[in-house]
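Features as listed in TrEMBL:
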type: TRANSMEM; residues: A:12-31; note: transmembrane segment
type: TRANSMEM; residues: A:37-56; note: transmembrane segment
type: TRANSMEM; residues: A:63-80; note: transmembrane segment
type: TRANSMEM; residues: A:86-103; note: transmembrane segment
type: TRANSMEM; residues: A:124-149; note: transmembrane segment
type: TRANSMEM; residues: A:186-210; note: transmembrane segment
type: DOMAIN; residues: A:187-375; note: domain 'ABC transmembrane type-1'
type: TRANSMEM; residues: A:222-246; note: transmembrane segment
type: TRANSMEM; residues: A:258-281; note: transmembrane segment
type: TRANSMEM; residues: A:307-333; note: transmembrane segment
type: TRANSMEM; residues: A:353-375; note: transmembrane segment
């Protein structure tokens, strides 16, 4: 739709800007060698010169970028070994791309032609800001992963790891997870608690959400508030209340106590997601089914269920992750026999700080990614089914 | 006739009846302990040998000793006690015994005598601080420091008061997030005689004085709540010195080879041992008694010292304390009770703290938070 | 179909008026909907709402005092708690019987711990007294037993108290004592006692019979022993001595033990009176401390505001509500800190969340969906994983400090302290709660048409004006929804502050957990929890008003 005009920009613009990026990298390298100013100057001059050569003298993008990539990698290796080479390669790839992005004027490709230079600057400044925020969101989760391969029992990167020395890495924490009885027991407990709790939440929750979608229900608001409350009430209060009450019923420290507590915590998620899918549900479909002689049960399973199924499944996943990830309530309501993975991690964090926790964390992140993908696919399918979005 | 005696008589009868019918014993046992190296020493010294003799028994650990009183109270309210044997410190044992949450035991009737025939109660001696309590170990809360962080040209710290001396020994300290011990050390280092500490602490001025002393290092303190934190903080170099249980420091020093050294001055002695929750059904009680008598005999307590540097509670175990199970070093010099280590010890007053804990805790927490 | 001039109601096919038929259909529909909701509603009420109501009740419940010391509390009604004199002898005598029974049931130390929350030292007063209470009136009891061995004989006592089999029995006394013990021990105390006092002896020796019946019920039910085979408690003998001294008229009594009773009345005449007050003060001098008695009287009623007062740093004194000593005030400060930090976290979430939500809402949907995964991944990742990740990042030997040192921005000795303080809590919780801010913002922003901003710009507005005057006002509901959600979640957080908060970065929740599992002051925990819950409910109400619960979206 937008008319894209990409035209080469003058070197007098591209070289200094690329130089600034180089100056920033030079500053970092410089401070590491106790001479920030020199680093800054060298960085600027080198990168600006590089940009000048590639854009003004030898304008073969493919070759130029490869050369930059390899040269920066070599430079990094000479300065700081294997880790330096890695960072150097990354930097070389970036700066090569950056020089041509600037020089060819590609940065304007997706902007309306009438945007002023200032607007372009703001546009990209905003993008960089957002990038930093995404960085903040993702880094902690990513950082955990390499640390879980630490060969030492520390929570920190060892010099061997930074040198990318294979001796600095090992699978021993994963081995520990799979051989240690405590962790295995915890995993089995999590696996045996979460699905049952999920089934309870989903079973009750779906029925109730269907009931709630009827506009004639009296006290709808009050009922909704009660059903949503497990999500709203601070966990410590829920945990304390359940601790005392379940003790009295003899449920404290039992499997069913934890399952019931987790089911209660998962219910709001099921209600919310299923209600959301029901908002777009066309009631005339059930009426049509009834008209054609289907009884309510058949109508439910053959007409209503397939349409709200994505909501039910994603609600179920939420309920599952709630139970699988829950620690406060299980700390109070459970006892040794119900120690779940998060509980084991929590004691681990407070007591013996071992990277086994990070190995578990890494595996949980991978499970999260798989669950997330499932939910995302279901959401798209649901929108397609309900005709809310094209293909 | 008092309830105590009646109870004792009934339990004694039960136990007698049970030894005749070993098949009436429950086959599962839930032990509650502290986790970490300590629980591991129990696992190695008592549980594994016991399981070898009784292969069909399953033992579950619950690392809830820190919340034992709260959980037992809740279980008692519910009338459904799921624990069989609980490892607690002496003050908690007294509290549980007072509240009727722990069963009173006849130590001579239920525990094995020493190999030379000395009765269990004589063998444990004064360490039986409560009728419900079967002591296992004597431990102490004491300080360790990073040897490589001692400022050059100064002597390594040797007195508890060096903790309060930021000028000579700059760096962070790790202290437990509770008033017990810290208040006493503060007063001691503020010039109060050891014998007068509790009299001074009993007054408002005394409390203020202790807190004022702690104030001088407050911004250099990392507060811990679990015993494993200090060794970790020391190992990471996050603190220069810190208090913790002596056994935890021992494993950091001897087993993990960290540059840490002990400072035994004014170590605070305490006891740790078993209690049996009140109201266990007969078959479980029989199993508990069978295990308890095995786990607290002279040899087992001495064996435990091969895994962790806590002093065995039986007098008859002391000569049997040998070498570390894996490292092969003599354990005796690492015991808090070793004469060389116990030149200046602090014995903390259970009764006094039972009365004043809530009050001082409120003051301490309010001081911490401000 | 029917006569069109008929002004009667419109009829349905089966002849009933359409209005009624419709109403019936709607009612059926309503019932069906309710039937669908009912199982879940009941489930949530039982597994969730009831526990919370039960816990809130603990914040005012205080029956332990009147259950443990019922007679003492009754006599204290006559004592003026504001004067300078100790309660009378009558109170101490009642205290003796109460304490004896409490000590047998091992309930006295619980009361001690309860009252110790209000007045330090009461705990040991009860503990030591419970241990020695059977020594009260020792001399007199010994004198009684010296008179005749029968007084130490369980069968003798049992026969005397039961009377002949066919005699009228005072079963109401058994019922009373059973109820009393049930309250004291917080358990049913049902079952066969195998004893009932005869009416005659009950009229003659009222105290003795009460004490013996309590003993009998306790022996039969708590100890599961046969009453007739157990020697009565010292308290029963003390009661007998008091009955005899009070001038029980034994002349007409012909039942079992009549001889021995008369001999005892005569033989004990020259024994000194039992001085309960002195006996208790000898056990523990704190019984002479007026403050302790004032505390007992003040906390005698079955319900108390004491925990709530404590939760806002006040205390109850005979002169009314007073602030607690300054060095014990902590909760107001903690509530303030919780609020303040939640606000800061909410603010940082708005600052970081708004640009991201804006970007997601303005990008073409393909790229937006991809970037959305970066937002959803943290959302789906275990809370503990993220908290441990922040521990890894923030500690002094952690990733951030290592990077800064490596870059030379800080030197090795000057590593930044970013954990175990407020900063650590704020950073970690901002990260954890950020998706809860971005998602509602995004769902609002994605409904704002881009054309408005373009229109504004083509009319000559600057970038800033078109954003601030046109776009921003339309996105405010998203900010509101996200903010309240984040605030509600932040205010009750427990795990993250516990792990990265140190002492200055902890929340009120951490204190609640402490009171539940360490200090065992469950009433105070409940009171703190109630206040927190109340705050959350107000926020929830606001959320419902602004956003509506139906509009909450996840993912």
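Glycine is treated like the rest: Cβ placed from N, Cα and C.
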Per the Cβ under 8 Å criterion, with at least 6 residues separating them from its ends, the transmembrane segment (A:63-80) contacts 29, 32, 50, 54, 86-89, 91-93, 95-97, 99-100
Considering pairs 6 or more residues apart, do the transmembrane segment (A:12-31) and the transmembrane segment (A:86-103) have at least three CB pairs under 8 Å? yes
Can the transmembrane segment (A:186-210) be said to touch the transmembrane segment (A:86-103) if we require at least 3 CB pairs below 8 Å and skip pairs under 6 apart in sequence? no
Which listed range (A:124-149, A:222-246, A:353-375) shows the maximal number of Cβ pairs under 8 Å with respect to the transmembrane segment (A:307-333)? A:222-246
Would the transmembrane segment (A:222-246) and the transmembrane segment (A:124-149) count as touching if the test is at least 3 Cβ pairs under 8 Å, pairs 6 or more apart? no
Residues from the same chain, set at least six apart from the ends of the transmembrane segment (A:258-281), whose C-beta lies under 8 A from its own: 193-194, 196-198, 200-202, 204-206, 208-210, 212-213, 224, 227-232, 238, 242, 246, 251, 304, 307-308, 310-312, 314-316, 318-320, 322-323, 326, 329-330, 333-334, 338, 340, 382, 386, 388
